[in-house]
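Heads up, the thing below is written out as structure tokens.
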Amino acid sequence: MDKSMLGDLDGLPEEDKMRMAAMVDQLQIRDSLRMYNSLVERCFTDCVDTFRRKTLDKQEESCVRRCAEKFLKHSMRVGMRFAELNQGVATPD
Amino acid sequence: MDKSMLGDLDGLPEEDKMRMAAMVDQLQIRDSLRMYNSLVERCFTDCVDTFRRKTLDKQEESCVRRCAEKFLKHSMRVGMRFAELNQGVATPD
Amino acid sequence: MDKSMLGDLDGLPEEDKMRMAAMVDQLQIRDSLRMYNSLVERCFTDCVDTFRRKTLDKQEESCVRRCAEKFLKHSMRVGMRFAELNQGVATPD
Amino acid sequence: MAAKGGPSNFEKEQMFGMAEKEMEYRVDLFNRLTHACFNKCIEKRYKEAELNMGENSCIDRCVSKYWQVTNLVGQMLGNRPQM
Amino acid sequence: MAAKGGPSNFEKEQMFGMAEKEMEYRVDLFNRLTHACFNKCIEKRYKEAELNMGENSCIDRCVSKYWQVTNLVGQMLGNRPQM
Amino acid sequence: MAAKGGPSNFEKEQMFGMAEKEMEYRVDLFNRLTHACFNKCIEKRYKEAELNMGENSCIDRCVSKYWQVTNLVGQMLGNRPQM
């Protein structure tokens, strides 16, 4: 999430700016926590399929690590492209 | 969403009625935006499957149009049936 | 959801404790209602597949009952295991 | 503030909070029902933008059956004090 | 409270509420887009932690196409007063 | 209002907001875990309303493994300042 999405706050009194910033912070915290939960859910679902033991075996653990790593890189790349589109940067095909 | 779901507001003071109406408005805005996002997600998922270009081809575009059109008609019909059930209208099989 | 997750509230003035308790209550109500909705969605999706009539047939109805019953028992068991893990109870494999 | 016999501010907050949860519940129910019946009834190749007759009657029955499942599960939960 | 010519408290609440909904919308859009493109582009066996070249270009095109679908559907909804 | 040395109203709002997010996080975690393990462990034909022995032990192990994945991913995110 990008604070610039709030547009022009200059006209607001100091108190309202603080309140707006606090709101953005709260939404970012909520979003980070949800993203954490959805990342866990996805990597668990994709990597863990046997329930003969109650601990992750080596293969499952490394699958989860790669999955999470990959998702984070994916998410970062999507974020860059998304920001470009939001700013109206045009690129050839 | 239907404002009638709020039941009898007549007993409330003017100030509280305004606040209740503002709350309903806020929830409707949130719901409309979520519906927009979920419609985009669904039609993208169902219609776009090749990533050799960065622009939609004609076939994908018309699939998205039909998908969105169809979803909106579906949603409207569901809304009518849902309202009837909420009002306890009984109909034969 | 467990009220103990709020940690140590002893330091707070009475007014804030009340407000915190009200917040927990509100979240529990929201969570219960969402759980109800997701239970209905799951059992409907898993049990109802024919739409030649507008009423559930006997087989669908008993499938929904078993599905809901099973989900609630599942959810309770998960809750117990989850609480143990939250409290750091270690158990052998 | 609450000098008259009316509800206190705290009680009002509770009341508004409950009304909000109730509305959120109905919106959530409607959205899940809409998506569930779209999945059950609508042909995913989207050859046409119109709902055909088969889809229309499927939607009507689907909404009706979803509603019954809601009531059925509601009765079951009603018998359980822990919900 | 609102002795000066500025917005009333009620109007301020409305304004903050709208800004909040707008941000929630963007976060929701970003999250759905991220998951949709992960599903379309990423090989689920997770043999490596790195994105390969094919995945990278798929992601770029996927984001672009998702964005176009968002605009396309937005235009369609814009023509409908009931939304 | 905040004449004594206690936290200001603004700080209190922050504190309540954080507590709320923390609770929402736990509820969300619990719900996702519950659904993930239901999908992994429960036989979908619903022949019986009871959990059988295989399902029960699957649930216990599933919760345990999900918990480990939560911790594992948490460690990975902890090493990344951008989260």
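Cβ coordinates come from backbone N, Cα and C, glycine included.
Between B:CYS43 and the candidates B:CYS63, B:CYS67, Swiss-Prot annotates a single disulfide bond, the one to B:CYS67.
Restricting the average to the motif 'Twin CX3C motif' (B:43-67) gives a pLDDT of 97. Other Cβ atoms within 10 Å of the Cβ of B:CYS47 (disulfide bond) number 23 in total over all chains. The motif 'Twin CX3C motif' (B:43-67): residue composition by secondary structure is 15 helix, 0 strand, 10 coil, according to DSSP.
Residues of the same chain that lie 6 or more positions beyond the ends of the motif 'Twin CX3C motif' (B:43-67) place no CB under 8 Å from a CB of it. With respect to their backbone Cα atoms, B:CYS47 (disulfide bond) and B:CYS67 (disulfide bond) stand 8 Å from each other. Candidate disulfide-bonded residues: B:CYS43, B:CYS63, B:CYS67. Fewest other C-beta atoms within 10 angstroms, B:CYS63.
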